[in-house]
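Visitor: Shown below is the structure under consideration.
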Amino acid sequence: YPQFDPDNTGYISTEKFRSLLQRHGSELDPHKLEVLLALADSNSEGRICYQDFVNLMSNKRSNSFRQAILQGNRRLCSKALLEETGLSLSQRLIRHVAYETLPREIDRKWYYDSYTCCPPPWFMITITIVAFFLYNGVALDRFVLQVTHPLYLKNSLVYHPQLRAQAWRYLTYIFMHAGIEHLGLNVVLQLLVGVPLEMVHGAARIGFVYIAGVVAGSLAVSVADMTAPVVGSSGGVYALVSAHLANIVMNWSGMKCQFKLLRMAVALICMSFEFGRAVWLRFHPSAYPPCPHPSFMAHLGGVVVGITLGVIILRNYEQRLQDQSLWWIFLSIYLIFVLFAIFWNIFAYSLLDLKLPPPP
């Protein structure tokens, strides 16, 4: 290194950097070599920061990487990741996930090279298996409570308008479902969409989108359908699915996943079926009058979160969200809605003098 930076400035000229890549490029992973070339192409000052080089080599997606992707010419010198042969089953799975979720080839290659399955997609698996099946199967001695079951509302998890002061219910309602078909569709969508997204974007980002959808769903019900209870994880599931579908539509030309149109159609059909069922159930005569069936507004709350906060998170793969102005705009709107809904729950119910169903 001293021979390329005799003055110890921390920078290497792009000419010397290119000569190094030409001399030692055969020793580097071809995907990483493309990123380094993009870094050299994107630099207009004629020099490369040594720390940027170290960050790229150590799989840190730094500002230099973002500059290389956004400003470089992004010429892909080698064959596409999809054309590589001789991959193991796990490598093919990782490649498949990359093409399902990322629109840019250089991002796919970066993900393919850096993914280690450590940590695994624990959030979605835990929510699905432990929360749904363990609680419903062990604690309640049944896997799902039908809305016609006498214990339907008599538990500490379901959101009920009379018990809205118990703040945990705005989250825990996701652990109960209004029928086995309700549970089944949510679990299928959650695993097929949520697990690959978490493999790419991590538990923190996907968990945030999911929880934000869940909270928005229950708060939307408390504002727009004030006399109804809420059950099911549709708020979180719809936030993830709608964010994923919107990301595919926005990056349609770059998404190279097979049968993407068919997969979108299947996802939309499943969501429409489940939402239609929720609307029908909401206005169907209740088995336990005067308490109505669960509201469908949580679905809509999840969709709104997905196409705002969710799209921003999925579009900026492993890049700092605090640098995105649109992220702060949508986050501010979301927080304003949450504050509005909190004050609405404190004051509006008494001011409107609503006739709420009796507590369970």
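Yeah, the Cβs are placed from backbone N, Cα and C, and that goes for glycine too.
Quantities reported herein were computed from a predicted structural model and do not represent experimental measurements.
Marked as active site, nucleophile by TrEMBL: S234. For H299, the entry in TrEMBL reads active site. Here TrEMBL flags 1-27 as domain 'EF-hand'. Residues or ranges marked as transmembrane segment by TrEMBL: 122-145, 206-224, 230-249, 261-283, 295-314, 326-352.
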Visitor: As a test of reading the model: what is the averaged pLDDT for the domain 'EF-hand' (1-27)?
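Guide: For the domain 'EF-hand' (1-27), the model's average pLDDT rounds to 70.
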Visitor: Using a Cβ-Cβ cut-off of under 8 Å, list the residues of the same chain that are 6+ residues beyond the ends of the transmembrane segment (326-352) and lie near it.
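Guide: For the transmembrane segment (326-352), the list is 161, 164, 212, 215-216, 219-220, 222-223, 226, 305, 308-309, 312-313, 316.
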Visitor: May I ask whether the transmembrane segment (206-224) has at least three C-beta pairs under 8 Å with the transmembrane segment (261-283), counting pairs 6 or more apart in sequence?
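Guide: Result for the transmembrane segment (261-283) with the transmembrane segment (206-224) is no.
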Visitor: The transmembrane segment (295-314): which same-chain residues, six or more beyond its ends, come within Cβ distance under 8 Å?
Guide: 101, 197, 201, 205, 208-209, 212-214, 216-221, 224-225, 228-230, 232, 234-244, 246-247, 250, 274-275, 278-279, 281-282, 321, 324, 326-327, 330-331, 333-334
Visitor: Taking every protein chain shown into account, which of the active-site residues S234, H299 has the largest tally of Cβ atoms within 10 Å of its Cβ?
Guide: S234
Visitor: Calculate the distance in Å between the alpha carbons (Cα) of the residue listed as 'active site, nucleophile' and the residue listed as 'active site', and round it to a whole number.
Guide: 6
